[in-house]
Amino acid sequence: MAFDHRKYAAFRPVAKTDRRWPDKVIEKAPTWCAVDLRDGNQALVKPMNVAQKQRMFDLLVKLGFKEIEIGFPAASQPDFDFCRKLIEENRIPDDVKIQVLTQARPELIERTYEALKGARRAIVHVYNSTSTVQREQVFGMDRAGIRDIAVNGAQVVKDLAAGNPCTEWTFQYSPESFTGTELDYAVEVIDAVTDVWRPDEGQPVIINLPATVEMATPNVFADQIEWVCDNIRRREHISISVHTHNDRGCGVAAAELAVMAGADRVEGTLMGNGERTGNMDLVTMAMNLYSQGIDPTLNLSGMAEITEVVEACTEISTHPRHPYAGELVFTAFSGSHQDAIRKCLARRKDGDAWNVAYLPIDPFDLGRRYEEVVRINSQSGKGGVAYVLERDYNISLPRWLQIEFSKVVQKVAETNGGEIDSMAIHSLFEQRYLKVHEDWALRAYDLHRDDQGVFAEVTFGRESAPMSLEGRGLGAVEAVSAALEDRFGLAIAVEAYEEFALGEGTRANALACIRLTAGGRHCSAAALAEDTTSATLQALFSAVAQAAGEPEDETSRQKSAITA
Ligand code: KIV
Ligand code: ZN
């Protein structure tokens, strides 16, 4: 059996009795660093060309990133050239720091400084791998040997910066594969590096703790971060950064818990692009903060532009269910969800805090339209169908008709097997309920009220051969029903009728809906007219027409409606 869990060992949790991070609440955004142009880029089947890199850089600047890792110039000529282009063409805004990555090897660090010549400010990000597996199996070195690589690298970084005093330098060190490194050893290496850099003497220093491979649950990562924060020297002079990957699908969660555990800074990529399962997704984490009422310090309101640029640069499409960004993430197909959303949106007043069932944030904030929220397929119910008619056609249906019509829509959706758009729903409603047969068109009516109720005279039917009826009842509907009963010999029992005034902008002023039993058949109809009485009487005629006329085959009626 190849599939055998006994091949794997569980990650040993951190033995910690003074865990404080679970009680912390994130109250402000961390410093963000976007590493799309390095981590993301190095993971692409087709690495970005210069035009794509420039487009991505410009987007990151536009979104508000102040720290942007633009590449690994010592390892790749295109990255070197891109770095030079940004500096020489003066494309880096004054408040943005570019960051470049290099291994802790003197010749690579030297080349990195060459790439950075003339930069106003820059972060030099130096790393070496520290985990047990890397020490023992990849490098064949002991703890002291690996620590020396870091220390020597730190010294070269410092010396070369001293030789280029016109640039404002920030130094960053990452013990790569930190999650697989013994914590006491990680602290030993970090302290050795800061012994060289001396952040306590004014040198800006970032210590970046990567979950190079996500190896455990996010709480374990948070423990690791809290442990390091508690045990390193010069903590108060150091910016602690995290850089999580998503191997277990928890890259964002791990970064969030790490911030609770003391991290000041978070590295990631837009939409989580990056090696293997990717880096932690900056869009998701920033929007998670936003949804808690915290300023993410990034402007992600143009989500369509963000996904378009990321897709164009990475040539990777956005999953339709990608948090906050995917096509379907604000869409409800389920009937009960649609119903709840419709009710919450209807109650909501301007200025209210956002509190809408099933929608963690207002889709409008990300440039999404409410039209996308409710979409109809065979899983949808009365609420969704009613919402679409109300929203797009200003048609409000009584509850009984919502229930009845949603079944009509559901049948068509089941037959078609897909989504039914708003126009098709409206046309289905017109065909099924509003269509007036010429023989049953109301032409004129006269209602006389006296002590005994209403005496009605109505004219209906074709213009060339109109018919007249007379009847009496307590109200207009009863009077006209009596007249119809007389003429057609049908027993008519009106079960429900409702009239609605329509909003401005429509030709008709009123909508009426009626449900009745005539000659033993249940019929329902609706009508639009200039006034409520005309609408109600026309709806009555249309419903009786169904009982009196040839019973139309339901499937062919639906088919003609949907293709209309
Ligand atoms: O994932 C990782 O460990 C890295 C380091 C170079 C920071 O990308
Ligand atoms: Zn990484």
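A Cβ is built for glycine as well, from the same backbone N, Cα and C atoms used for every other residue.
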Same-site residue for Mg(2+) (record: TrEMBL; known: His243, His245, Asn279; options: Asp36, Asp39, Asp58): Asp39
Asp39, His243, His245, Asn279 excluded, remaining Cβ within 8 Å of their centroid (Mg(2+)): Val35, Pro210, Ala211, Thr212, Thr244, Gly251, Glu267, Gly268, Thr269, Gly274, Glu275, Gly278, Met280
Secondary structure composition of the region 'Regulatory domain' (436-564) [DSSP: H/G/I, E/B, coil]: 43 helix, 52 strand, 34 coil
Segment confidence, the domain 'Pyruvate carboxyltransferase' (30-304), expressed as mean pLDDT: 98
Other CB atoms within 10 A, centred on Asp39 (Mg(2+) binding site): 24
Local Cβ density at Asn279 (Mg(2+) binding site) - other Cβ atoms counted within 10 Å: 31
Of His243, His245 (the binding-site residues), the residue whose Cβ has the fewest other Cβ atoms within 10 Å: His245
